[in-house]
2 protein chains.
Amino acid sequence: MSGQDAAAKLQAFKAYIRKMKQYEEAIALIYWDMRTGAPKKGIETRSEVVGELSTEVFRMSTSEEMGGYLDFFMQEEELAKLDDITRKMVLECKKEYDRSKKIPAEKYQAYVVLTSQAESAWEDAKHQSDWASFQPYLEKIVATTQEFIELWGYEGHKYNTLLDMYEPGMTVEKLDEVFGALREKAVPLLQRIQAAPQPKREFLDQQFDIAKQKQFSLSILKQMQYDFEAGRLDETVHPFATALNPGDVRITTRYLPNDITSALFGTIHEGGHALYEQNISKDLVGTNLCTGTSMGIHESQSRFWENVIGRSKAFWERYYGELQSTFSGQIDDIDVDTFYKAINHIEPSLIRIEADELTYNLHIMIRYELEKGLFAGTLSVADLPQAWNAKYEEYLGVTPGNAGEGVLQDVHWSGGAFGYFPSYALGNMYAAQFTHTLRKEMPDFEAYIAQGNLAPIKDWLTDKIYQYGKSQTPNEIVQRVTGEELNPDYLVAYLEEKYKAVYGI
Amino acid sequence: MSGQDAAAKLQAFKAYIRKMKQYEEAIALIYWDMRTGAPKKGIETRSEVVGELSTEVFRMSTSEEMGGYLDFFMQEEELAKLDDITRKMVLECKKEYDRSKKIPAEKYQAYVVLTSQAESAWEDAKHQSDWASFQPYLEKIVATTQEFIELWGYEGHKYNTLLDMYEPGMTVEKLDEVFGALREKAVPLLQRIQAAPQPKREFLDQQFDIAKQKQFSLSILKQMQYDFEAGRLDETVHPFATALNPGDVRITTRYLPNDITSALFGTIHEGGHALYEQNISKDLVGTNLCTGTSMGIHESQSRFWENVIGRSKAFWERYYGELQSTFSGQIDDIDVDTFYKAINHIEPSLIRIEADELTYNLHIMIRYELEKGLFAGTLSVADLPQAWNAKYEEYLGVTPGNAGEGVLQDVHWSGGAFGYFPSYALGNMYAAQFTHTLRKEMPDFEAYIAQGNLAPIKDWLTDKIYQYGKSQTPNEIVQRVTGEELNPDYLVAYLEEKYKAVYGI
């Protein structure tokens, strides 16, 4: 093949990828619309629209045309000729293509139907705390996933193949190491905290006007450098961020009238996800690399902004006065230190999504241990509730009263999303590790926060992380930015320093 | 071909149409989003998404696969076997297919580029009242349209082929007849009105709180039986209604702080369009007949609700009290009769979109006469401004001071939309004719309005018109509902009765 032909093939390949991205953008807009205000009577027909477009994207990703591009560009000498970005595009496509092609179409179709039924069965089961009605679905999902793992292939632990879907390159070996180190310090820290007196919090228990909550959330987003010309904030039941393209990254939140912190920290959290996507390099638009590199790195950004910035003392030294005047008359007699301690109180609980910065990691480790057991064959689905409760008692010292607040609390398993949970705790670890480097490289870090000057922080993250999108792996990013692999010690040090001060222990 | 094969072919054809409709629904949602609040930095990429999806719809509509279906089902014996709805689907596809196939692709592509440049040239030209800069574009557009007419073919007047795009079956012969009859009565009526004293209107010239305007508009939409579970109201710069599917028909409006009538009547107008689309039979969902049958019939519904209902005495006898209490203190001393006359004042003006119920028709007739002349070859583009001004003087007694408020005022011609304008006046005529039948069949019509009981009226329109979507032609609908062809006398009688009372002439 002449160089000219190869150039034409490359152009066609890129146009093909761009077309897939365009379909995905349309689908993402439809989902955003369905979750923010689409009239309910139109949903059934709209779902068919999503189905049609998604089918087309899947068809394109596994088509003969795609296969032809990959056969050609995966040849060693052709791959070597490509620039770095294009090579990454090809490798990313190849990974997806292989994964999709290895599952027979009818088997995948049956799995889609199964998980769709299972999600609906899970909702009922959770509502009624009825584990028995959900168990058969979960057994089928685990069995099918086991089959898929055999078809996909795996290195080392079978669960590695699942982890890799959400956190490319992550393994059981690595997770055992980092989670082990974290747990070893987190559990005793938690015990010391529990022995100390709890901060005053009852002033949080009052009605906060929703229009004012919204106004305050918007002003914080603006301070964070969230670009409102490249996004918007809407309301929804289950908040999320969605990147349609880097010029349109939308976030959603939910205001609770009796809770000032839920919408505020939720908005900062989603705003962190959004900053990542808004600041991906324009050069990656229309490629399959124009997205965050992994669930874990994405979560590191939402949690960095929510916790490292939003739950810091410096942040509230700057913004607490504004919060007080926004809710004039409601928290006038509460000083900033009291407020700061209240929003950082630690308490073991049963429900993951309500957990604090410290115990959240333990909720995740429990799920990780259980998933690992399911795919190692050392734990059966039937034994899950008992194993769940035992782990909660061991790690957190609490025991669920029923399956609804125990093993049935999360939607993930009903959709077959095994390997996803670790991302949340990885996010906390990555965030602490990035923060360590950031503090070293930006000695005025705290001062900037205390001044409400968050732009240099956003610029540093853009420079180091955001701009690259998916063109670098999580490990490449962590190594380049911090000079070492993922290391849980930074999170341990951050938690110990912060909570020793908060609790005076 | 066996009956079984034919059945399979029919199923495949219907699935093919449904897929096209699904793509169109995605495109419609993207347009709605772009016009109601999409962040501006995402628009460029989003436009490419629309381009990609639109290209796919056009490809499908002219594909070999479509050609194959049409070759088969257009055979006389196959067409005869189809049920009425399916036969209409085939005929509608065939019409679109022939229209698209007759224009060579490169010629059409050049036309798309030309109109896109022309729209942007028109904006500048209008802004600067600079006819000379726009004239060459319009000359090219008219010349290309002439070529298209030759390729499409025509019966009788060349302009008939253009009219048929917006109002299937409409001809110059018919329009000359109905517009002639209407003008003959409208012009003297206007002269008598102009000789009479104008109603008091200065109380409309004050600030009206936008939140209250919105609240009042929403309550009227609810009374009209607009289904908020199958739609929503948003704000935009140029209001519109868009039907994504009958379960999701969205309307938009624009609130002006110093004008209580603009958003209110605009909302009722768009609400009328929406009622039509919300009440199309569910059996037509996913077919190419799931839309209003023509621009004229669509406009008859927006104008029926806006003018026949919304600008009636009975309507304000019911709702004026609510309007007064909504804007408490602002129109307390204005009685309902004064308000009614003020919102029905008649005054010749230069600008079509600001025209009243009577003179609006004359604005349309002017454009109709000019378009007809352009395609008959009796008027050149160069002579348009002079011809425009002469007609305005003749029909309305006013003369534009410059091209911006004259021949350049409308966007339509820059986009090549010749044959579209008559729909607006046809809408008024159809509305009056339907109203005549409705009054006969529903003796309590006025009483229902005066009670705010609008459901029976919406139900009658659904029964007679809405449910059929595009499965019947405009002429079939008018004949079936009113027992005769389009007849301008009903509009004349309606206008004479109404305005003789308003002006006491």
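Every residue gets a Cβ built from N, Cα and C, even glycine.
The annotation Zn(2+) binding site is assigned in TrEMBL to B:H269, B:H273, B:E299. Look at B:H273 (Zn(2+) binding site): DSSP puts it in a helix.
Sequence annotations record features per position, and here TrEMBL assigns active site, proton donor/acceptor to B:E270. B:E270 (active site, proton donor/acceptor): 25 other CB atoms within 10 A of its CB, across all protein chains.
The Zn(2+) site, placed at the center of the C-beta atoms of B:H269, B:H273, B:E299, has further neighbours from the same chain whose C-beta lies within 8 angstroms: B:A241, B:E270, B:G272, B:H298, B:Q301, B:S302, B:R303, B:W305, B:E306, B:G427.
Here the recorded positions are B:H269, B:E270, B:H273, and none sits under 8 angstroms from chain A, going by CB atoms. Taking the Cβ of B:H269 (Zn(2+) binding site) as reference, residues of its chain lying under 8 Å away and at least six apart in sequence are, in sequence order, B:P239, B:S302, B:R303, B:W305, B:E306. For B:E270 (active site, proton donor/acceptor) paired with B:E299 (Zn(2+) binding site), the C-alpha to C-alpha distance reads 10 Å. Secondary structure at B:E299 (Zn(2+) binding site), as computed by DSSP, is helix. A 10 Å cutoff on Cβ-Cβ distances gives B:H273 (Zn(2+) binding site) a total of 23 other Cβ atoms nearby, all chains included.
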